[in-house]
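Here's what TrEMBL has on this protein:
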{"type": "DOMAIN", "residues": "1-197", "note": "domain 'Flavodoxin-like fold'"}
{"type": "BINDING", "residues": "Ser9, Ser15, Asn16, Ser17", "note": "FMN binding site"}
Amino acid sequence: MKTLVILSSILGDRSNSKQLADHLIARVKAANPAAAVKVRDIGAQPIPYFDGNTAGALFTSADARTVEQHCIVEMSDALVAELMEADRIVFAVPIYNFNLPAQFKSYLDHVARAGVTFRYTSEGVPEGLVKGKQVFVLTARGGKAEGTPADTLTPYLRQMLSFLGMDDATFIAAEGMAMGEVAALEGIAQAKQRIDALVSDAAPASLAA
Ligand SMILES: Cc1cc2nc3c(=O)[nH]c(=O)nc-3n(C[C@H](O)[C@H](O)[C@H](O)COP(=O)(O)O)c2cc1C
């Protein structure tokens, strides 16, 4: 199993979503010390916004691209390739202003590639091509919203990942990060317990492999 971890917090080592990802990586390594884990931190090394230059580069045929356009497509291709190569994908996603960080939206914009990561069938039905992955979304938020209409991140992200073929993602949230020290510690501990429960072979999305 190759594991790809995408970190997207702007808070570096103080990030709570990173803390959850580190915990999950530790559990994966404990279950299988030889497990291959690749970490990409798009909070520390942001991906450029998907702007007019990016769209122009992707829509220009390879033989007609400028050097700058080649570089843009190369980066997008590299993001897609590592996603496709992974068997297990972990997205560590903070909630900023009721939704995902701009850095992570940029990432999704780059990997949502028609004909590569999704396509439309002859009936015009979208089909995700990032298939057969075990997907975890580890979120952290200042307040509490999981399972309520105030959770404006999960429905969007579920739909987006499902559109790309990742339709069985396991979401784990650390909540109450800005509600005082006790609530924050409790929120992290509960999320870590949920990650620990995934180590069992019997867990629906097991980390044991
Ligand atoms: C710019 C910014 C915006 C935030 N907006 C929200 C929000 O809308 N709702 C919420 O519950 N918490 C919000 N928070 C709190 C974060 O969700 C919380 O700090 C969480 O731990 C962020 O994840 P991270 O530590 O991995 O960066 C915000 C924090 C920042 C820095």
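Keep in mind that glycine also has a Cβ here, set from the backbone N, Cα and C atoms.
Where the annotation comes from TrEMBL, it is an automatic prediction and has not been curated.
Since this is a predicted model, take the numbers as computed values, not measurements.
Cβ atoms within 8 Å of the centroid of the Cβ atoms of Ser9, Ser15, Asn16, Ser17 (the FMN site) belong to the same-chain residues Leu7, Leu11, Arg14, Lys18, Gln19, Leu20, Ala21, Ala92, Pro94, Ala140, site residues excluded. The sparsest Cβ neighbourhood within 10 Å, among the listed binding-site residues (Ser9, Ser15, Asn16, Ser17), is found at Ser15. Taking the domain 'Flavodoxin-like fold' (1-197) as a whole, pLDDT averages 96 in the prediction.
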